[in-house]
Amino acid sequence: MKAGDTATGVPALEARGLVKRYGHVTALGGADVDLRAGEVLAVIGDNGAGKSTLIKCLSGAEIPDAGQIRLFGEPVRFRSPLDARDHGLETVYQNLAVAPSRDIPANLFLGRERRKPGPLGSVLRLLDKKRMREETQELLTSLGLLTIQNFSQPVETLSGGQRQGVAVARAACFGSRVIIMDEPTAALGVRESQRVLDLIREISGRGVPVILISHDMPHVFDVADRIHIQRLGRRVALVNTCDISMPDAVALMTGALHPAEIDGRSRVEHP
Amino acid sequence: MAHRVKLRCSALAASSAGIGLTLLLTSCGSGVGAHNDGKTIVGLITKTNDNPFYVKMREGAQKKADELGVDLRTFAGKGQADNDSQVKAVENLVAAGAKGILITPADSSAIIPALDRARKAGVMVVALDSPTDPASAVDGTFATDNRLAGRMIGKWAKSRMAGKPVHIALLDLSPEQVKVDVLRDQGFLEGFGIDVGNPERIGDERDSRIVGHEVTGANEEGGRGAMEKLLQKDRSINLVYTINEPAAAGAYQAIKAAGKQKDITLVSVDGGCPGVKNVAAGIIGATSMQFPVKMAAEGVAAVAAYAKDGSKPSSPRGRDFTDTGVALITDTPAAGLDSKKSDWGLTHCWG
Amino acid sequence: MAHDTVTPHAADPPATRSAKHGLIARGQAALHTKPLLGPLVVLLLASLFFSVWVGSRFSDPLNISLIVQQVQIIGMVGIAQTLVVLTAGIDLSVGAITVLASVVMGKLAVDSGLPVLPALLLGLVTGGVCGGLNGTLVTRFRIPPFIATLGTLSVFSALTLFYSQSETIRAQDVPSLLSWPGRSIHVLGTEVTYSSLLMVGCFATVAYLLRGTAWGAHLHAVGDNPDGARLSGIRTDRVLLSVYVVAGVICGLAAWFLIGRIGSVSPQAGENLNLQSITAVVIGGTSLFGGRGHVLGTLLGSLIVGVFSSGLALAGVEALWQVFTVGVLVVVAVAADQWIRKVTA
């Protein structure tokens, strides 16, 4: 993260009027996103609300037909996930994008391997395995992931939570400024989910804002600072977690309640 | 001849190469779509179009066709076991109104229904080089007498090795015991005066002079590996029979590496130009030359005759094929054995 | 294990069963983390078996060095095949590339009168270009590797026949640099050809490149999880293309060794190499599903085939049983791979 990212009042990520159409289907009809520095923002929505399209547009996997995205105030147009990553926006995909048969350092540094200094590294592309091991050790320690004993075991032999941990650690370790996590607890048991939620807190505690896409209301209410409720391709509400009840959030999500109707009960910021 | 059979040698190869070859196989009809002007159409179907043996055969057929004023149309399968393409080629030729078909059958039995249909349609069918099974399924066969080819080098070897203790290695074609493999191997043993046991089977002899049999795939690499294994089994080997000249060339590399080129006599079958050159260079002691050009030319002539007056070729009494001849090529002739020198061989070799 | 079960207080069948289970599971896990273990054990057991059965004719140093010579071409082509298989692809054209490259070397040096060194280098370039064509078909035109290389197999074979006119260049006409790999040195009763040494060198080099460089890491990742690799910032198409080109160049080297081994340049040599190389890769424990395996396994795989072929031949067993044995080994190897992969679950 860049020094000063958290200090200024500039929103970490800001999107206005994002539109994405697939043929006649409008997946996003002018959606907005606001992510403050250092916060955990949960994005919830029913199936078909345009959550995943929204995330794809933010992470560079899809290019929106209209709308603007600003990253720390700077207008950006991502042409690919790599492009987004180069701007400091990391995404932890649901399928984790790991190489299952490789060990942990290899996965943490996949695509950005540390190379030996000098021409050995730049020309022959020799890996600096020792350095990668040391950095792995450091990173996993700092994230409280040291329950993993043996770094040289293939990632596929890790538990689901440990694998998620590796993927999150990877997102967190390259000076990233914003991390998007797509359903990180979907495939995990209770205890492992808790570990991942701890990890999310740990990351945001370091000042890196996180966008969390999740179906799991208790998890959302557990970890998120604010909740972005997506419905029919738009943001219908953006609320502080402490200002809304879980049933109201679900009702907004499903359309059973209109945002105006709950104004008295919860403080909902109208988009 | 045998190195045309090489694909068959590895069962593994056959399976996947089979996929590739069948998919990509196209019958190469050289004459299709050409003007005909009412000339007699003769079809020539070979197993492949890449082997020098078939290349020469096609050239010979073309020359004879030009001479006799008939229209030659050539087709080739791709691979030794490619029956499908040959069936298609037969059907195409019948449809085109061919008067006769010359074929080197890839599968001596499976091709027969297609040939039957052709003959019912009034087309004369002649097998070249390899007989059909049964031989009566065609109107005539022009081929090398492979047992005789083997016998000639066997007799030559016997006279060459006279008075010495003999240790024989036999480098055969493939594990399948195909006909040409059996005929040449056993012909050689008969010529040498060794009891072959079951005349349908290689390897059941009980003669202490035989060190062993190995398969070569009829190519250089296989020849070298087989020779290495047999030399490892018994270093005293001093006579080596090979299914064809590429296998002999490979075997020679192993012999040379073992430093035994002075002690070992190599014999082979084929009569290809590299093989004959190896005879001239003293690498191969003797080889039996076959005559693909003659097979093709006689085949074309037979069809031309049939088109003219309906006469069909007749095999010599007691045989089911017309022998197109074998010549023993060696620079060290044996007494009482007809042979030709390598310089004669070089003017008659086939590729 | 057997000793444990007969100890007096072993009157506890469930415990025994679970111990047994534990042993199998541990074996499975060991094979999973150490892909070379399985082929190595098979190679040692097979060598031991034939040393006992056949005796010193099998186990003498000369025969051991001969076995290495006999598998060197398969081994070289197997390296190329391993690289492609690790990316979850397959290259059916490696044998055809090898033969084409050998014909290019021979024709240029012998018939076109080019100096031998440029002829040799152009042969290697031919290998690289052929590999590049395969790689382009796979990456740019998105043709599955099986189909792409099935096509180029025939294209390369046809080019070979066209260029060579199906004619063999005899050993006597082949210049000495081209047949140089076939020369040998004699050490301790063995006969080691230069090409045997170079083959081992190639295996070591490629093994190091795969383990120690970013290229190797990316190659494994592409085979393991292509989408994940792409999302992780690996330019997967470039990696794939480079793999096919490198495979082609290695086939070019194999072509040089082939000339050394058979002395002559023959357009009919080596057509079984396509499948033999896949056999060696599979027996060597590399998974056809990509990402998993080790190039040194391919060396072991080729040696296993060589040991069985030599051992059975020296024992006087008919050749068809050699074919049979190799078939059984392939099936067992693939079954073992499926079983080992279950550790993941």
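Including glycine, each Cβ sits where the backbone N, Cα and C put it.
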Exercise. To which of the residue ranges C:76-95, C:96-115, C:296-315 does TrEMBL assign the term transmembrane segment?
Worked result: C:296-315
Seminar exercise, completed: Within the same chain, the residues 6 or more beyond the ends of the transmembrane segment (C:185-210) and with Cβ under 8 Å of it are 60-62, 64-66, 68-69, 72, 75-76, 79, 82-83, 86, 216, 219-220, 250, 253, 256-257, 260-261, 294-296, 298-299
Seminar exercise, completed: Under 8 Å Cβ-Cβ from the transmembrane segment (C:296-315), and at least six residues away from its ends along the same chain, one finds 35-36, 39-40, 42-43, 46-47, 49-50, 53-54, 57-58, 63, 66-68, 70-71, 74-75, 78-79, 81-82, 200, 203, 207, 276, 279-286, 321-322, 325-326, 329, 333
Problem set entry | Contact ranking winner - C:116-134, C:239-260, C:272-289 against the transmembrane segment (C:36-54), Cβ under 8 Å | C:272-289
Exercise. Which stretch, C:116-134, C:239-260, C:321-340, tops the Cβ pairs under 8 Å count with the transmembrane segment (C:146-165)?
Worked result: C:116-134
